[in-house]
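A.B. asks: Would you mind keeping the following structure in view while I ask a few things?
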Amino acid sequence: MCGIVGIAGTGATGDRADVRHMLRAAAAAISHRGPDGSGEWVAADRPIAFAHRRLAVIDLSDAASQPMLDPSGRTAVTFNGEIYNFRDLRTALEARGHAFRTSSDTEVLLTGCREWGVAGLAGRAVGMFAFAYADLDAGMLWLARDRFGEKPLYWYASEGTLAFASELKALVGMPGFSRDLDPAGVTDVIARGCVSQQRTIYRGVHQVQPGQVLGFRLSSAVVPADAAAITYWDAGAEARGARDDPFSGTFPEAVEAVDAELRRSVGRCTVSDVPVGAFLSGGVDSSLVTAILQAQAGASVKSFTIGFEDTRLNEARYASEVARALGTQHTSWTLGTADVLAVVPSLATMYDEPFGDSSQVATHLVARLAREQVTVALSGDGGDELFGGYNRHTLAPRLSRHLSRFPRPARALAARALRWPRVDWWDGLHRPGVDGTPTGSRGARVQKVASVLDFRDADDLYGRLTATAARGALIGAPAAAAALSRDLPLTSAIMLADVQGYLRDDILVKVDRAAMATSLETRMPLLDPAVYRLAWSLPQQYKVDGSRGKVVLRALLSEYLDPALFERPKMGFAMPVAEWLRGPLRPWAADLLAPQTLARTGLVDAEAVRSLWTDHLAGRADHAHALWHVLMLHAWLSRWA
């Protein structure tokens, strides 16, 4: 994994030394993405220039450095990511007469673009990637991004200049960049905790969409309106295509098929010239990926987890038990207050768009722990979206079926009754361990149930189930809930919406920025196109059956582990944010939520936010999610606005 930057058009027409210096400075802003080397290329006869920061993973020699040019010097690439099947693609290209100077996947990508075109190469490549490809003879610049959006790629065009980069912090000093905020992006952050991939926090700055290739004609003034947009892969179309060609085998055959695809995917993800390990939370997805990784390894693989001093949220003991059963070389780190206090102030720099998923703290710290021993870490991300692992996948159909029979006013009355007692009153009713619910979470769960009781329709139900903030903090109307696909059953429609929304906007952003801040490459074997298609071809009951999700993954994991080691309520890297805000983080939060601060920005309803803060401190309600969104927005504003 690496960091890329580039400029075309008016901004690239000046003195070549000046252009090179500008790009070098921009790339330095994302040096954490590539600490092993840097390079720049400025074309002599076209207004185009690339820069690159290298994290050396495959072919560590200088010959594999970037930007990379073909022998003629007429095509060039700057590339972030990994092509897992690059050896297969190389064999196919050699059969067509191409020779190679390196053993890198970068050269395969460059050659593949020349042979098959950029969209043709992207459609053949299995991996995670964001790259820019320049064809000087054709006078074209192409930007491309992987299928799911694992790797970021931002771009903007202003006054004839087009610039792009892996992170926004590399663009803020480029010609014509505007820091004007996009109101829709601000609304996204307050309501959902992250900015939709359909936009960015800045007005006029865009993201190349997952599965998309953009082509711009190189001239002294780039005209973005003339860009060619090609969608080479679409999550919705793939899902529907798989459903139209359903898996016809038995459940045991489905388990076997999933095992075969995951083994193939994990095997591809281990191709590396540097040490590889795995994140291990002890849950189904990370345990399965680690189990397969260990089964294929010739020695004990390295696994990593973090835990908390708060025993209610500490999964480290479960991860250690799984690691012991699998035989991994396991490292665990129990986080203390000082660890959290040291990280939180840096989040606004790490995430150069406001980002309010509080598990970002744990994700960054487990990445930091892993980076001490490995350069690449496999994760289990994607399993919930592909195989039905979120509570909403089992809860939504039941709520829709049972509650729709009652008039909405009656449901609204019931919701008000549930909201009336304080959160700590509900918590006091709960005896730890009775139903597997962590101590102290009952009140938050009751609040969540109350928030969805009076839903209007399926779209509104999904919006409420995925909402993580009190909308009272918003100024103006909230963004409309995602429109679920009407041609799919409710659970399937929600799973697809999660892939196209929550996975792209939250999970993949969180992991990329958290890990790359430590120069750690993460790979996600579950986000393999063949695994995705197989998952969507399976009968729904093989994934979600009643109140149980990830049925086929659980069955497969039981072939590697005793189910007693992983059958428990889902936690992930859950964070005790509510307690932190009332305790060690209170001074930091109080400063950002001060009336004068909220009034100065004018982006939230200051009175509503102060009410949330007061009620939270008093224990009358748990507003940790809503407050974290507002806090991350204002921490970001203090750093970047």
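From the backbone N, Cα and C atoms, a Cβ is placed for every residue, glycine too.
Per TrEMBL, domain 'Glutamine amidotransferase type-2' is recorded for 2-219. Here TrEMBL flags Cys2 as active site, for GATase activity. The L-glutamine binding site feature in TrEMBL is assigned to Asp105. According to TrEMBL, the feature ATP binding site maps to Ile306, Ser379, Gly380. Among the features that TrEMBL reports, site 'Important for beta-aspartyl-AMP intermediate formation' is placed at Asp381.
Could you place these features in context, so I can see how deep they sit and what lies close by?
C.D. replies: Following the DSSP three-state reduction, the secondary structure of Cys2 (active site, for GATase activity) is strand. Its own atom aside, the Cβ of Cys2 (active site, for GATase activity) has 30 Cβ atoms within 10 angstroms in the protein chains shown.
Under the three-state DSSP scheme, Asp105 (L-glutamine binding site) falls in the helix class. If you take the C-beta of Asp105 (L-glutamine binding site) and look for same-chain residues 6 or more apart in sequence within under 8 angstroms, you find Ile58, Asp59, Glu82, Ile83, Phe86, Gly127.
In sequence order, Ala278, Phe279, Ser286, Val289, Val511, Thr522, Arg523, Met524 are the residues of the chain that are 6 or more apart from Ser379 (ATP binding site) and have a CB within less than 8 Å of its CB.
DSSP gives Asp381 (site 'Important for beta-aspartyl-AMP intermediate formation') a coil state; it is part of no helix or strand.
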A.B. asks: Determine the mean pLDDT over the domain 'Glutamine amidotransferase type-2' (2-219), rounding to the nearest whole number.
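C.D. replies: Averaged over the domain 'Glutamine amidotransferase type-2' (2-219), the predicted model reaches a pLDDT of 97.
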A.B. asks: Taking the Cα atoms as reference points, how far is Ile306 (ATP binding site) from Cys2 (active site, for GATase activity) in Å?
C.D. replies: 25
A.B. asks: Quick one: pull the CA-CA distance for Asp381 (site 'Important for beta-aspartyl-AMP intermediate formation') versus Cys2 (active site, for GATase activity), whole Å only.
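C.D. replies: Each residue's Cα considered, Asp381 (site 'Important for beta-aspartyl-AMP intermediate formation') and Cys2 (active site, for GATase activity) end up 20 Å apart.
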A.B. asks: If one measures from the C-alpha of Cys2 (active site, for GATase activity) to the C-alpha of Gly380 (ATP binding site), what distance in angstrom results, rounded to a whole number?
C.D. replies: 21
A.B. asks: Checking the spread of the ATP site as listed (Ile306, Ser379, Gly380): what is the longest Cα-Cα distance, in whole Å?
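C.D. replies: The ATP-binding residues span at most 15 Å between Cα atoms.
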A.B. asks: Restricting to the chain of Gly380 (ATP binding site) and a gap of 6 or more, list residues whose Cβ falls under 8 Å of its Cβ, or answer none.
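C.D. replies: In sequence order, the residues whose Cβ lies under 8 Å from that of Gly380 (ATP binding site) (at least 6 apart) are Phe279, Ser281, Gly283, Val284, Asp285, Ser286, Ser287, Leu288, Val289, Met524, Leu526.
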